[in-house]
């Protein structure tokens, strides 16, 4: 049933028209009315010449009819104690951006608001059965619904859309808007994080007794949603809340939309996680690089600097907060710590490798554990282990050299004794012989010559003995020097083999450390959060 304006409405109740004159008729003196129109509760189509004349278009006549005397600053209810019920709905069209650093969620939505306006009613039959009229929103009363957690200016983002009005006064105002809402970002599991943001709508000046806000629908319309490449929309829920503030005893209802989104990790896996894992592998190569190359420390420091660059790049995109520590930052910190320790261990390995002959020999326990059990446990090749000489082997080599030198000395001594023995025999024979005949004289003269020759040989034997002593002494010094060099070389090689074993131990320690930290931080923590 049409419930339009009452007879007291000046737009319809025209009981007395202008220019009503009462004169006496020239015939019989009876009065007559010189009246243009006398109307009482007549529909608008009788007003020829009025702004809503029948000659105007139907919508224009209807617009003039319902806006005649309309006050848009007054709530659209006749009874001041009646609350205007606003039904809020939302159509999500796009998640435009998620600014983690500034903690702002940017969305494109359609805000659907519906309420009853008691002053915007008309009989459809009088206006060619118009059932919906679109009126500019600046000409009618609008609820002062605002986004409570707005992160931008309150005058931006809303479009001046038309309001759709029905004959019974039902107003539907769908407003497309780009909203910037504040959202507390939890970056603990970045880049495997999920965020929960909200859009809280409510009246700014009206309390719940004047403007009541309700849910228009139980679910958010996602038919026009455009998929975002960075964030996956998991769900949107609606909840109506009634809040009491300390300033006012009246209730303040609001409708809150909770948005649950999850980050798509493929981009960060290819650009952050995989490079970090590959650089972790480079850290392991530090222990495989030969110490004589001189590039072990340089490689470790280069990897450490690369991790620092990644840490700075990740920190630029995250909020500057101490409340949450990103998972990727934890991983980078662990790997950087391992890399720093690897550089320190590399210095230790280089110190062991270049430990010179002036150092002491490796302790017996180190020889047994490091060069014995650990060397076999880590399967270090036999070619290098064949270089290891035990104390017994070195003793046998030294004894063989000494035996050779003693044999040479014994042979020289025997030769000298033989020459000295011959000379002594000749001298004895000459002393025991007397001269009795010329023949004996000639024989004695020959013996004297032989004696002189023997003495000459004896003198030569003594000189040969001195030369042989010098030769033996030189040989002994050469052999001693060779033994010292061999001893120093073996000490150096032992320390280098210890450094090789320590390098292999550190390689496997850092391998399992990197592997375990990667699995825990990048797999287990995001899965079982």
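Glycine is treated like the rest: Cβ placed from N, Cα and C.
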Feature transmembrane segment in TrEMBL, mapped to one of the ranges 195-218, 219-242, 243-266, 267-290: 267-290
Stated TrEMBL location of transmembrane segment, expressed as one of 485-504, 505-524: 505-524
Within the predicted model, mean pLDDT of the domain 'Neurotransmitter-gated ion-channel ligand-binding' (59-265): 91
